[in-house]
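Novice: The following block contains the structure, expressed as structure tokens.
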């Protein structure tokens, strides 16, 4: 029996990341290879012509799962009855711009989009914020929600997570499918904390496993791994002259796929959620903070881990940064 069509709204649809993500969604990589989708492409009026070209290519691919598409610059039309929102569009940081100014520019965007999503989307709509500063943009958006649970809003830390997994796998000379439970904590910034303490490496048959940390030199973790993951975005820009596009798109696909289909038993991934009082890591409530999470039945659940004091101390540094961002954005 054919599944009901799911509506997926993509903001910033003419952008580079979306050029890498749209075709994979239409092919079934995100929601499943038996799940028909209607893609809503949201763009600012000045970029609609470019988005129209992307829409032409979507049609030209003749994806069996693509039931249709909508191209619009109108928030009400874009968010009407959507099941998923992937918000890539954000005001870019320009040369000489202070972070506070960037937060202010994006505040207006995400307040307006949050209000429109609240008004027009399904009350079950799930929202992933990718546009930076993602954590605080997600917070601003969440303040507008009254009909949709704030737990249905996430910010993307999966790119940092995948970068961490990729570095560990490369160091150990194995494929990434043999590495699990490496994760990242905190903000999508240079204060983010890549963590290998609970990471596992599986044998070739993916049955037996052992600790990853015991196989990694402590000086490599401290001097190479952590700086590499934290600075990877900058390194990509310096190397190719553009920010990460395909890897960011892939991370968004991974994030939503796990949200839609669930994570495997015993596996957790990184997801930025709105913190609540009494969370396992003592992080202040009211910020979007990357946590180790499993997902069951469309609900993200924070996994409680035993972490050393030095890691917990670093997590507090990222907490402080996010609290400052939140104060600046919400004032």
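In case you wondered, yes, glycine gets a Cβ from its N, Cα and C as well.
I grabbed these lines from TrEMBL:
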type     : residues           : note
DOMAIN   : 7-150              : domain 'Lactate/malate dehydrogenase N-terminal'
BINDING  : 93, 99, 132, 163   : substrate binding site
BINDING  : 106, 130, 131, 132 : NAD(+) binding site
DOMAIN   : 158-328            : domain 'Lactate/malate dehydrogenase C-terminal'
ACT_SITE : 188                : active site, proton acceptor
Novice: Over the span of the domain 'Lactate/malate dehydrogenase C-terminal' (158-328), how high is the average pLDDT in this prediction?
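Specialist: Per the prediction, mean pLDDT sits at 96 for the domain 'Lactate/malate dehydrogenase C-terminal' (158-328).
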Novice: For residue 130 (NAD(+) binding site) and the residue listed as 'active site, proton acceptor', determine the Cα separation and express it in whole Å.
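Specialist: Approximately 10 Å lies between the Cα of residue 130 (NAD(+) binding site) and that of the residue listed as 'active site, proton acceptor'.
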Novice: Relative to the Cα of residue 99 (substrate binding site), which of the recorded positions 106, 131, 188 has the closest Cα?
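Specialist: The smallest Cα gap between residue 99 (substrate binding site) and any of the recorded positions is with 106.
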Novice: Could you give the maximum C-alpha to C-alpha distance in Å for the residues 93, 99, 132, 163 that bind substrate per the record?
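Specialist: Roughly 24 Å, rounded to the nearest whole number.
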Novice: Express in Å, rounded to the nearest integer, the largest CA to CA distance found among the NAD(+)-binding residues 106, 130, 131, 132 named in the record.
Specialist: 12
Novice: Whole-number answer please: how many Å between the C-alpha atoms of residue 132 (substrate binding site) and the residue listed as 'active site, proton acceptor'?
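Specialist: So the alpha carbons of residue 132 (substrate binding site) and the residue listed as 'active site, proton acceptor' sit roughly 8 Å from each other.
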Novice: How many neighbouring Cβ atoms, not counting its own, are there within 10 Å of the Cβ of residue 188 (active site, proton acceptor)?
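Specialist: Its Cβ shell of radius 10 Å holds 25 other Cβ atoms.
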Novice: Beyond the listed site residues 106, 130, 131, 132, identify every same-chain residue whose Cβ lies within 8 Å of the center of their Cβ atoms for the NAD(+) site.
Specialist: 87, 88, 89, 90, 129, 133, 134, 137
